[in-house]
Amino acid sequence: MAVEQTYIMLKPDAIQRQLLGEIISRIERKGYQIVQAKLMDLDSEIIANHYAHLLEQNFYSKLEAYMLSGPVFAMIVEGEEAIQGMRTLMGPTNVFAAMPGTIRGDFATDLTYNTIHGSDSPEAAEVEIKQFFG
Ligand code: IDP
Ligand code: MG
């Protein structure tokens, strides 16, 4: 067990649908701390960096348009085993397999428009926190 920090980003649909309070509340009720947070607009360059592993995918242009469609709410979330723990709270990438009670299971019906990002490993968390919070 170790206290970890993870990069969490509430995607543009979460803001457009006024789900920020609901999702932040779930993170807090779980017992994690939000240690930094900011609303920010992304540009194509930072999106390409963040999703470099998906640049060749046929859905990349849809993903880019989604992430440009409005501000995101970027957070550093801290807690015991918070990286995997937040992935569990979020639900899997495949929203059709996401269980009710998870954020994606409760709020997402589209493979791209899936409401929330969370780092998938300690290495990714370090890179992403640096990328978005310096
Ligand atoms: P993750 O967000 O669960 O870590 P990744 O594979 O890193 O999943 O994909 C990043 C984002 O790209 C997803 O959150 C989703 O918005 C989008 N995405 C991933 N796979 C697909 C797909 O098969 N079709 C459409 N969009 C996808
Ligand atoms: Mg990912």
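Yeah, the Cβs are placed from backbone N, Cα and C, and that goes for glycine too.
Annotation comment: TrEMBL describes His117 as active site, pros-phosphohistidine intermediate. The ATP binding site annotation in TrEMBL covers Lys11, Phe59, Arg87, Thr93, Arg104, Asn114. The domain 'Nucleoside diphosphate kinase-like' feature in TrEMBL is assigned to 3-134.
Neighbour density for His117 (active site, pros-phosphohistidine intermediate): within 10 A of its CB lie 19 other CB atoms from the protein chains shown.
All protein chains included, Lys11 (ATP binding site) registers 24 other Cβ atoms within 10 Å of its own Cβ.
Considering other CB atoms within 10 Å as the measure, the emptiest surroundings among the binding-site residues Arg87, Arg104 are those of Arg87. With all protein chains in the displayed structure included, the most crowded Cβ environment within 10 Å among the binding-site residues Thr93, Asn114 is that of Asn114. Helix, strand and coil residue tallies for the domain 'Nucleoside diphosphate kinase-like' (3-134), in that order: 63 helix, 30 strand, 39 coil [DSSP].
The two recorded residues, Arg104 (ATP binding site) and His117 (active site, pros-phosphohistidine intermediate), show a Cα separation of 10 Å. Less than 8 angstroms from the CB of Phe59 (ATP binding site) sit Leu111, Thr112, each of them six or more residues away in the same chain.
When averaged over the domain 'Nucleoside diphosphate kinase-like' (3-134), pLDDT in the model lands at 98. Take Lys11, Phe59, Arg87, Thr93, Arg104, Asn114, the residues named in the record as contacts for ATP: the widest Cα to Cα gap among them comes to 22 Å.
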